[in-house]
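Accompanying notes for the structure given below.
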Amino acid sequence: MQFITVALTLIALASASPIATNVEKPSELEARQLNSVRNDLISGNAAACPSVILIFARASGEVGNMGLSAGTNVASALEREFRNDIWVQGVGDPYDAALSPNFLPAGTTQGAIDEAKRMFTLANTKCPNAAVVAGGYSQGTAVMFNAVSEMPAAVQDQIKGVVLFGYTKNLQNRGRIPDFPTEKTEVYCNASDAVCFGTLFLLPAHFLYTTESSIAAPNWLIRQIRAA
């Protein structure tokens with residue numbers, strides 16, 4: 001019965017935008033930030049590597065490879081700070097952000113985890129001197145924690161910070177990413193967001209990370225990058 005209740009809750013809310021975005025009227029530079037698909041790392045030239053690379057995994061039901069909520073909020077703030085000196089990359093196929101993988105033991109599919117790992121590896125091989133930061137929202141947090149925890153030390157060292165919104169394995173992982181420094185991890189979990197406390201019940205609080213993804217999280221990532 002609990003599974004059915006959770007499944008129905010997920011289905012009912014899947015079509016809703018996970019977070020209402022709150023961005024300024026886009027300038028010429030910021031226009032690209034509103035795109036739900038970002039492949040700067042994949043398409044970028046190694047001879048023109050930026051100082052910063054953001055890798056993000058969207059929530060279940062979100063479009064593109066970035067979504068149009070937490071991912072674009074974080075990207076917009078970082079691009080305002082670093083202007084043309086940052087690449088933004090979403091985690092795409094085979095991560096399709098479907099609902100059912102939330103019920104898997106890892107909280108997502110192995111294919112999704114492997115694709116995120118491929119992005120971190122690509123950043124390390126293509127732009128080894130860039131500061132890499134990452135983030136995930138809802139199911140995207142499961143994609144990120146699994147990928148980051150499985151990366152070799154050299155790749156983990158390049159990752160300066162990871163932000164997680166509505167962390168679906170927050171309780172199970174005790175508010176951290178296993179085998180990754182706690183000082184490089186920042187978890188944003190609203191007090192009434194049930195997914196942060198060992199369930200998959202979606203309450204309104206799960207969709208209320210606009211301020212965190214627009215201000216608190218990018219500011220923390222900027223500090224992490226500057227301190228590296």
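Glycine is treated like the rest: Cβ placed from N, Cα and C.
Annotation comment: Swiss-Prot describes 1-16 as signal peptide, evidence class sequence analysis. Residues or ranges marked as disulfide bond by Swiss-Prot: Cys49-Cys127, Cys189-Cys196. Annotated N-linked glycosylation site per Swiss-Prot: Asn190, in sequence order. Positions annotated as active site, proton donor/acceptor by Swiss-Prot: His206.
Same-chain residues at least 6 positions away in sequence with a Cβ under 8 Å from that of Cys189 (disulfide bond) are, in sequence order, Gly166, Tyr167, Asn170, Gly175, Cys196. Reduced to three states, the DSSP call for His206 (active site, proton donor/acceptor) is helix.
Counting only the Cα atoms, the space from Cys49 (disulfide bond) to the residue listed as 'active site, proton donor/acceptor' is about 35 angstrom. With a 10 A radius on its CB, the residue listed as 'N-linked glycosylation site' counts 18 other CB atoms from all the protein chains. Recorded residues Cys127 (disulfide bond) and Asn190 (N-linked glycosylation site) have their alpha carbons 35 Å apart, per Cα-Cα distance. Within 10 Å of the C-beta of Cys49 (disulfide bond) there are 18 other C-beta atoms, taking all protein chains into account. Mapped onto three states, the DSSP output places Cys196 (disulfide bond) in helix. Annotated pair the residue listed as 'active site, proton donor/acceptor' and Asn190 (N-linked glycosylation site), C-alpha to C-alpha distance, rounded: 7 Å.
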